[in-house]
Amino acid sequence: MVHAQFDPAARQTLTNAAVEAKTRRNLTWQQIADASGLSVAFTTAAVLGQHALPEQSAKAVAQLLDLDDDAVMLLQTIPTRGSIPGGIPTDPTIYRFHEMLQVYGTTLKALVHEQFGDGIISAINFKLDVKKVADPEGGERAVITLDGKYLPTKPF
């Protein structure tokens, strides 16, 4: 049976334990994703409390991280989503995404609406990918792909 959470505290406690176990075992998010059988982005989001994992994935992740049966159950529950408390984020990495949307949010909206019409890009029917690529000018660049289904606004 599918269950949902309405208080993020239990999931946050599980997230803390899972990240601690990941660190203690010197695992990467990719290794955890490989055990889950799902993408690294989805698995990471799930372990960080933003998605529910299917039963087999939850069991595999819990086994890899040496988490108990309660953790397996919690990993399968639909969480209260939204990991950033109200206000402007203070973590520098998360803040840069906030900054990007402050600068380019209206541009993204204008381009999406011009190309697709009135509607939204789904964060439910969605894929995320992060790649590290060489910068021709030296150093490295992050290529972040946000791939969401377009959902048109439907008058009623």
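Here the Cβ of each residue, glycine as well, is placed from N, Cα and C on the backbone.
Per TrEMBL, the feature active site maps to Arg96 (among others). For Arg96 (active site), the Cβ neighbour count at a 10 Å cut-off comes to 12, with all displayed protein chains included.
Annotation comment: TrEMBL describes Glu99 (among others) as active site. In the three-state DSSP reading, Glu99 (active site) counts as helix.
Marked as active site by TrEMBL: Ser122 (among others). In this structure, Ser122 (active site) is part of a beta strand by DSSP.
Among the features that TrEMBL reports, domain 'Cyanate lyase C-terminal' is placed at 83-156.
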CB within-chain contacts under 8 A for Ser122 (active site), separation at least 6: Gly148, Lys149, Tyr150, Leu151
Protein Cβ atoms within 10 Å of Glu99 (active site), excluding its own: 13
